[in-house]
């Protein structure tokens, strides 16, 4: 069997080669996307009127980046004045803007958060993990859900039903009678 036949067989079987081999491993789709996202974000910082060094990047810069990305979005988000606001499947087109979908932004932030740390950033100072970013993503999610007529309710813990009339029979609960 030739060396190219071995490499094809190894790739097909999912086995890995030893570090000394000359074969090139292809990064996963996630890793490739993470690298592209990281490069895009860094390019965005460099292209600002005053280029922003990564060491000075904060949640405000990230929020500006996310808003900048909206111009490339493909998700119709109806405005409150639109006659189709709150309708999951509007019957006709409207002039409401296209935005980045919440799920896309959430996944992007996850990849950038991981890339920041892989590129030497500290988890404690990771601007992609800040409260401001989490709040923004939650607001985008709620806004898009309302605009599309999808009820968004935070999941609540279910109360355990009482068995019988005697409250003291429920393990773990104190009765103050």
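Backbone N, Cα and C define each Cβ position, glycine as well.
Model, not experiment: these values are computed from the prediction.
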Looking at 1-33, 34-66, I want to know which stretch TrEMBL calls region 'Disordered'.
1-33
Reported mean pLDDT - the domain 'ALOG' (29-156):
92
